[in-house]
Ligand SMILES: NC(=O)N[C@@H](CC(=O)O)C(=O)O
Ligand SMILES: [Zn+2]
Ligand SMILES: [Zn+2]
């Protein structure tokens, strides 16, 4: 029997880029229409490194929501959960302030040079940040990791697997009860590590890494809108990620990593990394779970395991997905710029039912 309607506890997005300024105003409602909460990444220019900056940024998000033409209660009830950008200089006192704030829920590691706006990131995690990590472990504040090594001599497709041995294992040996999220997991090696490791470890998985392998970047020509970091991998990795997301392990949950970049900066001689998936996040995930024959696991992945890991209550309202084709827009406006969503112009088999 095929399911045509699926009502779930409202999902949350445990990894999102909302940007700032006019870009923020243009996109925040896309996330707020689908997700009850989202973990907002701190890689702004300049990065969000203090609790004071995180709370000011949160206020700008709330103001951007209040100014939306969409005044529905779903959009207006959206709760952004904030993060701090870890640097070599982050102090244990800042960690205490974060732990005391109800709005700051985690600290984000960007290895310096690994991805968009990571220049201010950490150069030597255990060498520079040990006291800060110690305090995070004591306070139960999770570390979210962009898990790729930055050594330019390492093949771009191997950077996640090598990160496990070079960074993840030494970190977790030094701080075995530190809560860690391996963000936007992309490899079988990553899946095996997260599934089997001792202690409080979890991972987010994007929709693009469940739906596509690296052929998508090159299909019929170079397709910049399929380029994100970590980069799409070969089919065996996509299969491992899909198996993990649809398994009964409580360690894998939803994080879109929706990462808007203006169209002209994606379609460029040196195009930016990031796929825009906030406008059709749940339609994409439902398509992936449906193709795997595991729609029954979508609610655990999207709405239950994330809050359980973070020690937050699950949402109390619901969202309904219907098997009705959803036409992905060709282009969206992004302040004074334009934005091309992932798989623009294509159709997905699942839509979201109208909500109040
Ligand atoms: N995922 C991406 O390709 N890009 C993200 C940064 C990140 O999450 O690594 C961005 O901020 O653009
Ligand atoms: Zn990242
Ligand atoms: Zn990201």
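Backbone N, Cα and C define each Cβ position, glycine as well.
Zn(2+) 1 is bound by 15, 17, 108 in TrEMBL, and the record lists one more residue there from 250, 257, 290, which is 257. The recorded positions recorded for this entry are 108, 184, 257, and the Cα of 257 lies nearest to that of residue 19 (substrate binding site). Working note on the binding-site residues 18, 229, 273: by count of other C-beta atoms within 10 Å of each C-beta, 18 ranks first.
In sequence order, the binding-site residues near residue 184 (Zn(2+) 2 binding site) (Cα within 10 Å of its Cα) are 15, 229, drawn from 15, 18, 229. A separation of roughly 5 Å, to the nearest angstrom, links the Cα atoms of residue 15 (Zn(2+) 1 binding site) and residue 257 (active site). Among the binding-site residues 18, 19, 108, 229, the ones whose Cβ sits under 6 Å from an atom of ligand 1 are, in sequence order, 229.
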